[in-house]
Amino acid sequence: MNIKLITVGKLKEHYLKDGIAEYSKRIARFAKVELIEVPDEKTPEHASQAQNQQIMAKEGERIADKIGSRDYVIVLAIEGKQLPSETFSKKMSDITLSGYSTITFIIGGSLGLDERIKQRADMAISFGLLTLPHQLMRLVLIEQIYRAFMIQQGSPYHK
């Protein structure tokens, strides 16, 4: 199984990099992890809605280039479905049993995701209505992916 995490922008915070590296290492027992950062677009301070749409479209093109034609794609979006960790774990298991070898997770930039990427997605999930930095969501997501594997193993990690 392959887990691909496509994100917008370069992660600069060392504490987040360290956490992501740790969980990636833990997940490596179960799946190959590929972390892909696509460049973000500079957003003018008082950007119009049209400018924001153009920025998301450019970032969306870069994301689309990294999605495999046979990937199962899950986007993080505020309007996505909120799942308990156990349900998320079962969903990941069901996806692999359905014949997919790669699950691709996508986290957009500070403006969100282009609609075309959302439409390409097989599933949209949300971690709630709170607004969180997209850089922090990388760590939260990768921890939940690790937790999903631990649930599948019956590990006491998930209590």
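Heads up, the Cβ atoms here are built off N, Cα and C, so glycines get one too.
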Recorded S-adenosyl-L-methionine site member, picked from G99, G108, G154, that accompanies L76, F127, G128, L129, L130, T131, L132 in Swiss-Prot: G108
Among L129, L132, the most crowded of the binding-site residues [Cβ within 10 Å]: L132
Assigned conformation of G128 (S-adenosyl-L-methionine binding site) - DSSP reduced to three states: coil
